[in-house]
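Written out below as structure tokens is the structure these notes cover.
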Amino acid sequence: MRSHIQEFDSSTLNESVQNTIMRDLKAVGKKFMHVLYPRKSNTLLRDWDLWGPLILCVTLALMLQRGSADSEKDGGPQFAEVFVIVWFGAVTITLNTKLLGGNISFFQSLCVLGYCILPLTVAMLICRLVLLAKPGPVNFVVRFFVVIVMFAWSIVASTAFLADSQPPNRKALAVYPVFLFYFVISWMILTFTPQ
Amino acid sequence: MAAADELTFHEFQEATDLLAETPDAVTTSKNDQPTPQGHVAVAMGLGGSYGAEEEVEEESDKAALLQGEKQQPGFWTFGYYQSFFDVDTSQVLDRIKGSLLPWPGHNFVRHHLRSRPDLYGPFWICATLAFVLAITGNLTLLLAQRRDPSIHYSPQFHKVTVAGITIYCYAWLVPLALWGFLQWRKGVRERMGPYTFLETVCIYGYSLFIFIPTVVLWLIPVPWLQWLFGVLALALSAAGLVFALWPVVREDSRLAAAALLSTVVLLHTLLALGCKLYFFQPLPPEHMAPPPQATSLHPHTLLPPTLPRSITAS
């Protein structure tokens, strides 16, 4: 018995930190792939984790910060505002899904919603790169197009995972708040203007 | 017998189901036997295939359903709140349609809510309206900047917070006050009881729906058209509120009824007006290109000591 316990302990507690981090990173990376190529698979739902959403949310919130200290009233979203919108938005949508009678667990839904922000984070990255070029209508059209495509990708990815959890006569009621959520995030990305 | 048939329609369905299960059972109608067990007492006569406990359980379960008074779960359980989200897509759409087209005799609460108010509609309509207000307000700033490059465009994200707080406070605190007032005046009414709190929240929530397309239409930069749309939306929305509240205040004294309805309409007007003025930037006039003589006036205004020279020069 004792050796068995020892064996169990040494498998995770005594491994090097690098192993632990790599294992978690690989899990996160695998889920990113599932979001980028959405198929009907249960991996995102079965082994949920919230590392991915946290990384994505922090990255997005940091990228939405402008360099200079702008006057408070006039600026874009503060870091805390982005954080609150993403996390409270995801929690509200999850509660909404559960109250409507969906059979998905709380954290599974948070996990899916958080991971499906990945396309929009990629859009933010592309927008920031495009904004380094000369400003003008072409600049705006390119950014608009990229944000629209990534917004559609997010919606498709999240509904591929979430739609099956609702009875068919309430699917639209559950999907609409997801649409609103990603729409608001897309709007924040599109209106980002560096100083 | 026809009237009794209408009244006992629901039980009749249940009774036919039960009859289908046990062919030799006997049903008694609601009016004959007001038993504490329920409206339809199914006597499982000679069947014998059911155990005694199952019979009692089935009877009391079906009796509870038939009575229509399901035991409400306590407010600390999840099931309590789930009962407020017990709507389908078609029902929500139907309620929205009902609020868009108010009709004098057509009470929103009785026809569309049918004693099953929901929280889904009011909550998400308010959320949508708050975000749409902030976003379209920002878009008008963008359009204004196109015309007049001196205006500085910024995302103005703080307006989302302001919009959210305003809309949610209006849509939840005003129904609370209204409900309290109606409860207070409850004694005056004989024919119709006051609405529950959720029903008043539903009335207000669904009445705000028409502002969503109105706000989007306020992007059109023609001022008289904007005011026209605003007045139209306000009229429809306030009419919906008044028609929904009229049956409840009708029996009250004229003064109380008039005061209540005018306060409701006034608050609604203030909301619409406040939103229009705070979130929407008036557009600068069409031709903002500087007129030709400004270029020679420019050094004139900037360099007063050389004033005589520039006048003699031009």
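Heads up, residue numbers simply count up from 1 along the chain you see.
Backbone N, Cα and C atoms are what each Cβ position is placed from, and that goes for glycine too.
Curation plays no part in TrEMBL annotations; they are all automatic predictions.
Quick caveat, the model's predicted, so the values are computed rather than measured.
As given in TrEMBL:
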| type | residues | note |
| --- | --- | --- |
| DOMAIN | A:35-188 | domain 'Yip1' |
| TRANSMEM | A:50-67 | transmembrane segment |
| TRANSMEM | A:79-100 | transmembrane segment |
| TRANSMEM | A:106-133 | transmembrane segment |
| TRANSMEM | A:140-162 | transmembrane segment |
| TRANSMEM | A:174-193 | transmembrane segment |
Interface-richest range of A:79-100, A:106-133, A:140-162, A:174-193 toward the transmembrane segment (A:50-67), CB pairs under 8 Å: A:106-133
Surrounding residues of the transmembrane segment (A:140-162) on its own chain - C-beta under 8 Å, 6+ positions past either end: 35, 38-40, 44-45, 97, 102, 104, 109, 112-113, 116-120, 122-123, 126-127, 130-131, 174-175, 178-179, 182-183, 186, 189-190
Overall pLDDT for the domain 'Yip1' (A:35-188), taken as the rounded mean: 87
